[in-house]
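Colleague: Take this structure first; my questions come after.
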Protein chains: 6
Amino acid sequence: MFRHTSQLQFEAKPEKPDAHYARKLQELIGGAFGEMTVTMQYLFQGWNCRMEGKYKDLIMDVATEEIGHVEMLATMVARLLEGAPAQTTAEMVGKDPVVAAVIGGMDPQQAIVSGGGPTLSDSNGVPWNGRYIIASGNLLADFHANVAAEAQGRLQTARLYNMTDDVGVRDMLKFNLARDTVHQNMWLAAIEELQEDGLETAVAPGALFDEEHAEHAGSIWHLSDGTHGAEGRWASGPAPDGMHEFSYLQNPEPLGGKASAPKPDPLLYATSPANLGLIEKAIKKLT
Amino acid sequence: MFRHTSQLQFEAKPEKPDAHYARKLQELIGGAFGEMTVTMQYLFQGWNCRMEGKYKDLIMDVATEEIGHVEMLATMVARLLEGAPAQTTAEMVGKDPVVAAVIGGMDPQQAIVSGGGPTLSDSNGVPWNGRYIIASGNLLADFHANVAAEAQGRLQTARLYNMTDDVGVRDMLKFNLARDTVHQNMWLAAIEELQEDGLETAVAPGALFDEEHAEHAGSIWHLSDGTHGAEGRWASGPAPDGMHEFSYLQNPEPLGGKASAPKPDPLLYATSPANLGLIEKAIKKLT
Amino acid sequence: MFRHTSQLQFEAKPEKPDAHYARKLQELIGGAFGEMTVTMQYLFQGWNCRMEGKYKDLIMDVATEEIGHVEMLATMVARLLEGAPAQTTAEMVGKDPVVAAVIGGMDPQQAIVSGGGPTLSDSNGVPWNGRYIIASGNLLADFHANVAAEAQGRLQTARLYNMTDDVGVRDMLKFNLARDTVHQNMWLAAIEELQEDGLETAVAPGALFDEEHAEHAGSIWHLSDGTHGAEGRWASGPAPDGMHEFSYLQNPEPLGGKASAPKPDPLLYATSPANLGLIEKAIKKLT
Amino acid sequence: MFRHTSQLQFEAKPEKPDAHYARKLQELIGGAFGEMTVTMQYLFQGWNCRMEGKYKDLIMDVATEEIGHVEMLATMVARLLEGAPAQTTAEMVGKDPVVAAVIGGMDPQQAIVSGGGPTLSDSNGVPWNGRYIIASGNLLADFHANVAAEAQGRLQTARLYNMTDDVGVRDMLKFNLARDTVHQNMWLAAIEELQEDGLETAVAPGALFDEEHAEHAGSIWHLSDGTHGAEGRWASGPAPDGMHEFSYLQNPEPLGGKASAPKPDPLLYATSPANLGLIEKAIKKLT
Amino acid sequence: MFRHTSQLQFEAKPEKPDAHYARKLQELIGGAFGEMTVTMQYLFQGWNCRMEGKYKDLIMDVATEEIGHVEMLATMVARLLEGAPAQTTAEMVGKDPVVAAVIGGMDPQQAIVSGGGPTLSDSNGVPWNGRYIIASGNLLADFHANVAAEAQGRLQTARLYNMTDDVGVRDMLKFNLARDTVHQNMWLAAIEELQEDGLETAVAPGALFDEEHAEHAGSIWHLSDGTHGAEGRWASGPAPDGMHEFSYLQNPEPLGGKASAPKPDPLLYATSPANLGLIEKAIKKLT
Amino acid sequence: MFRHTSQLQFEAKPEKPDAHYARKLQELIGGAFGEMTVTMQYLFQGWNCRMEGKYKDLIMDVATEEIGHVEMLATMVARLLEGAPAQTTAEMVGKDPVVAAVIGGMDPQQAIVSGGGPTLSDSNGVPWNGRYIIASGNLLADFHANVAAEAQGRLQTARLYNMTDDVGVRDMLKFNLARDTVHQNMWLAAIEELQEDGLETAVAPGALFDEEHAEHAGSIWHLSDGTHGAEGRWASGPAPDGMHEFSYLQNPEPLGGKASAPKPDPLLYATSPANLGLIEKAIKKLT
């Protein structure tokens, strides 16, 4: 169960409104790597965790924090939209090209649909959706997804940081950047700890290593014509999991037979010589 | 530019058809972490890479391989659907409950839309979409996303491996598992190499560390009531990036002011005492 | 079965083109609360209605009208796009900032995809989809959804009304506003009538009142720290349905046990101490 | 900012697992009218509310409760999936038709993707998305949407209640039914209060009544051939808003001119006699 | 403007209910090539047509018919769902495997969401969306899309025809098949007429033939290793448009330079040697 | 299996960057008729083809070419974005209206998400999805879809050609136009060849002509009031398939009975007089 306080986790006050920027910030609310994604991803991971204790408790701590980040951004967007043009645009466009440009670059739904507030969409107005999250039950696989989400989140925040010089907006983003730093470090630490605790290997899931085709578990296939692919440490030597050896196949050849689909079922009307008779009959009957 | 050979990278021949399983395999074609995702993710990362050399060449090698994985799975699905029931179901359901169950569990679009072939959808029939991929230009952030994708992919493949005892299907999956192993290891190695090459730090992006609010870049906020969250190595000591120190805030308090939206624009018709007069006037005028 | 006349229900002639506004009007065509939604929502409600007579006939009357509203808006959008810039933009942007702003604010698909006509999308270009409609068979629940749709529709129309001073556009919107008014009133009247006819109670569905946990059917839980939530008429006294009594729980406590997921199935590879042995074995076997 | 306790708001313990039912319950998590929708709808309405006080505080109280409902359902789904078949299906299908049927009716992603847990999707596996919510800033319009959501939610819960006889599941659903009852009543009461407080009229928004075409603000157009549409109270007499009079147009005729699109821009290549010359020229030049 | 009669264009009465089949028929309502698609595609093409006369009038005739096809299918689905199991499934599954299979194969939303009626989705429950339609203003391009839609529609109807032996359902499908036949023929005839009227050439749009690179406008590139691609009439001789000559390039080589992305902007944090200094500085400053 | 060369099929070098145009070009990457669609459509058609030989080999040749087209466009977009504004927008907007307009018209995700590269979305930022493609197994139906895709693709490319005067961009588009020309011609030729080979008739699928209702397989229903619909060759005479005769029904009447839904299941709570008793009972019990 959850409780809410109307105080924000961190202040979200722009110096002055900026309708263009309010659109861009939508990316951090409802983008694939926005705060909504980490909120729901961590909540579902916590609820789906099969092991009571430190990992689950950590996940729920951070998940709960993230809801508050959506709140901070939603508040910031509404404040950035204060006083955004809501009137006869044709006249204004003709008079003032800067206003015209602002109107052109606004998210129209922030005005028409939300009345000057945020939507649950990204910076192109595409709605957030539930396929952005993953909660597989395997903590190693999921923590890697969490590192990835925090890394992309911090990257997008950093880009957005450069796109404004509003001191108030930047102050909030400095907090967001810091939280993305600690969360990235934290999931990296948790990945190490999973392995130290013997719960997972470097590769997820820690299973079926003895059933997979061992001869293909270390080789990289050279299928593009770049000449430098073999220069990295992935081309030879021990793999990070300590269980496999890397190699680089300079001239790989296909191992399988011809790609082909099975013979058609006449009732599904695939084009096929086997159906020739059917069509001739159909035509004769009719003509 | 690409070239194609009609030989499969690895064989994709089931012992016998299995229409139920053909539906499940869709997850590896068009699921959020299926082969289509890694194909397009790596292609766009390669095309968006800002540095010629080993990283870009590696990405294009693996991207090119992954298109062939979609091909293997598409071929396998078509073969698993050979002879799947395409006729009067009502009668069949009444006569044979096993056939009935098979029909019930099939993906109807594999028959009605594709005529016994795969669709570009997941195991629930939801179409694959372009928001599943990420190609940010920052290799560290993207390689973490790649590890995550390969980890989830191997996990799903492992689960699917247990859901069949068909020797032919399992033979192909043993190859897929092995490829997911080497690709997971490979991206992990590439992450290490990025740091060894001094191109990135542990945290992505390697920027703005001196502008973010340093006092919030190491602390974990205890916002759920689980008591074990502080027991992991993320609660104290140096963070993986070697630049931050972890701490655990047992009783965190909000730092921001009240969440509130700015005063409304009358032309957007938010409900507000400020608009009281307008409504009264509207009613009076009309009645 | 339907018939069509090429006369519009109401005139849709702008004084002059306005490409910016053509984009905004898309919200009323293909937005979540646009004309497409009420068209398909009412059609499916009519077809799914389980009671011949006045309700069903009313629904079909209004559904049929709404198709004509999509037609009016589609016509208006095409006319607003007449003469919109279709040429070399780089040069034009450099020369005339107002033209530049217009081009920047246009919906590119109205030109590239529709050749100067409307799309079936909202003002951000997101396609309309079938999950926007509801037709549950329960008229009370559905009529509430209809009031909601007409209210949001009228609200968005009102906002759009202020965003233009084109006399022709405004003339059409004055008609749309009026239709949204009567339709809103009409569904409100139909809700009253359903209850007067004894077909429904105030709460939908009129069922299972004696099975639901009665002690939780009137209380509001104080879970946020705002101090004014108890000041409304929802905090005490009889509820609108005449069957329940409101109360306000100032200090609610959770009633359930700990949120936890069941023990994992080893074949699904959740991270868990139960699987420790498996991983150790896997590693040993391989190394 | 939010806080979390690991106790559930209400118990969520099934007597025994039921994988079929776990799929159906997804509707209440990620369906258009599931708990995720009310959670995010109320949160965004609260954050977008332009008036401090009882309405906003109420919205935040209920929003915070709803996150806990997602948690209850997510927990229930995981428990219903305990022990669901994760093994070789072909053999099992052949042996036991009941098991076969269960497998056929399961959501494959609950196993393959979530490892025995819930997804953020509806009962057909379609992901939840942000366009399901509305937070317009106009409380009357939004509260109508809230009544609609609670009514559809209670209706779906009631249908699901009949689809199980598991005492534990039913116990939780009895709580959910009760909460949907009080929330439906509560939003109805809030709608009344908005009008008593003079903040809104019966029709949303309370604006532009004197600009809309008054002669079309009360009439229902008879456009389908059902003969009973005029028998309800919407066909004559005062409308619920007290400001309009209903009427029923038995033989409505279109008021607008012909639907037509403007003359084409040659650079957009619409088919048109105006472009005839261009094509002839193109052919001549080439041949 | 539209009018509606409550008589169906053709009868839609199944002999007896069949809940499985009701799910499959959804493909013809809300699938990518279902009746909803042709309805909206033709309506938008008619509204977007830039030439009054026979083409536009034909489009509107057929568009109006198609709304009635959605109505027929919606009615059929509701009737096929009559008496479908709405009760305690666990018990029923245990007792009767046939009933179990039926329940497993049903669309759960047809019961839970629509109360025994159709949804606006396909046979996998994915909602219909507005990107399925095209109305470009170019009649040749659009009529090809119409032929394609009618061909896929007739193909899916034919497959569904074989999946039932219900005389009533088949009677309706015989009508649908016939309508798909005439509509397919009709758009093919209209394509011929467009060219006879000199409005379009064989290739759409009839423009820019003298600007495109003529040397690449007739050659097929042999990029896969199949050896029979040159055996068709597309490999040599005059092309259908009478303006081009076909050829087949046995050993095509790339004509462009290396695929590469431009040098990175430091503020976007692409990984690049150019940014090396920045990262070093960041680390130094912090540690 | 596939192989890749890092040389582009054709050069993709703009004279100078143009961030506006980079957004528009997204339509050709991830639009419904962009290169991604033809790539995946042809690949799946090839893999699903039930007949070895010239048709399948042709499909795979062209499919493999199309992946290279995505590559060309992705490269072009990245180059068009070089130097696009990534800094403090508020200041820039105030100073230079042209820059302001450029920023307003940019795709924000090309900067924030992709770091100056393409996304897998259309020109409105809506992600590409797998429902855009069709691979039915019936080659006639699919080749019609291919003609349609190439026609729309060439049309959109032609429109985009006029929207730039950059010599480098135009050079690439001249190649794209040419490829769309030959591919359109090629699929038209393949449609003729299918019929010459006796594999298909003019109408797809070549089946069930003797079972469909023959009396409805040639008539066009006059359901809109345009008076010119009967003036085309579709109104009388032989149909293109040589098997049917066209006719035009001036005054068509519905052939079916009343559209109605079956009597409701009480457990699904449709509003119905049949449920009246239930509701009364529910109320009595409670009050």
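Each Cβ is built from the backbone N, Cα and C atoms, and glycine gets one as well.
Annotations in TrEMBL come from automatic prediction, not curation.
Grabbed the feature section from TrEMBL, which reads as follows:
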type	residues	note
BINDING	D:Glu35, D:His69, D:Glu150, D:His183	Mn(2+) 1 binding site
BINDING	D:Asp57, D:Asp61, D:Ser224, D:Gly226	Ca(2+) binding site
BINDING	D:Glu66	Mn(2+) 2 binding site
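Show me how these features fit into the structure around them.
Modeller: A helical conformation is recorded for D:Glu35 (Mn(2+) 1 binding site) in the three-state DSSP classification.
Under the three-state DSSP scheme, D:Asp57 (Ca(2+) binding site) falls in the helix class. Sequence-distant contacts of D:Asp57 (Ca(2+) binding site), defined as residues of its own chain at least six apart whose C-beta falls under 8 angstroms from its C-beta, are absent.
When secondary structure is read from DSSP and collapsed to three states, D:Glu66 (Mn(2+) 2 binding site) falls in the helix class. Every protein chain considered, the tally of other Cβ atoms within 10 Å of the Cβ of D:Glu66 (Mn(2+) 2 binding site) stands at 23.
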Colleague: Would you kindly determine which binding-site residues in the set D:Asp61, D:Glu66, D:Glu150, D:His183, D:Ser224 have their Cβ under 8 angstroms from any Cβ of chain E, listing them in sequence order or replying 'none'?
Modeller: D:Ser224
Colleague: Taking just the CA atoms, what is the gap between D:His69 (Mn(2+) 1 binding site) and D:Gly226 (Ca(2+) binding site) in Å?
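Modeller: Their Cα atoms are separated by 43 Å.
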Colleague: Relative to the Cα of D:Glu66 (Mn(2+) 2 binding site), which of the binding-site residues D:Glu35, D:Glu150, D:Ser224, D:Gly226 have a Cα no more than 10 Å away?
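Modeller: Within 10 Å of D:Glu66 (Mn(2+) 2 binding site): D:Glu35.
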Colleague: Let's check the environment of D:Asp61 (Ca(2+) binding site): how many other CB atoms sit within 10 Å of its CB?
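Modeller: The Cβ of D:Asp61 (Ca(2+) binding site) has 25 Cβ neighbours within 10 Å.
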Colleague: Which one is it: of the binding-site residues D:Glu35, D:Glu150, D:His183, whose Cα lies the shortest distance from the Cα of D:Asp61 (Ca(2+) binding site)?
Modeller: D:His183
Colleague: Quick test of understanding: given the binding-site residues D:Asp61, D:His69, D:Gly226, name the ones whose C-beta is under 8 angstroms from chain C.
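Modeller: Near chain C, the qualifying binding-site residues are D:Asp61, D:Gly226.
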Colleague: If you draw a 10 Å sphere on the Cβ of D:Gly226 (Ca(2+) binding site), how many other Cβ atoms land inside?
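Modeller: Its Cβ shell of radius 10 Å holds 23 other Cβ atoms.
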Colleague: Provide, as an integer number of angstrom, the distance between the C-alpha atoms of D:His183 (Mn(2+) 1 binding site) and D:Gly226 (Ca(2+) binding site).
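Modeller: Their Cα atoms are separated by 36 Å.
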Colleague: What does DSSP assign D:Gly226 (Ca(2+) binding site), in three states?
Modeller: coil
Colleague: At the Cα level, what's the spacing in Å between D:Glu150 (Mn(2+) 1 binding site) and D:Ser224 (Ca(2+) binding site), rounded?
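Modeller: So the alpha carbons of D:Glu150 (Mn(2+) 1 binding site) and D:Ser224 (Ca(2+) binding site) sit roughly 31 Å from each other.
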Colleague: Using the CB centroid of D:Glu35, D:His69, D:Glu150, D:His183 as the Mn(2+) 1 site centre, which other residues of the same chain sit with their CB within 8 A?
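Modeller: Not counting the recorded site residues, we get D:Val38, D:Val62, D:Glu65, D:Glu66, D:Ala149, D:Gly153, D:Asn176, D:Arg179, D:Asp180.
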Colleague: If I take the alpha carbons of D:Glu35 (Mn(2+) 1 binding site) and D:Gly226 (Ca(2+) binding site), what is the distance between them in whole Å?
Modeller: 38
Colleague: Which number gives the other C-beta atoms within 10 angstroms of the C-beta of D:Glu35 (Mn(2+) 1 binding site), all protein chains shown included?
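Modeller: A 10 Å sphere around the Cβ of D:Glu35 (Mn(2+) 1 binding site) contains 25 other Cβ atoms.
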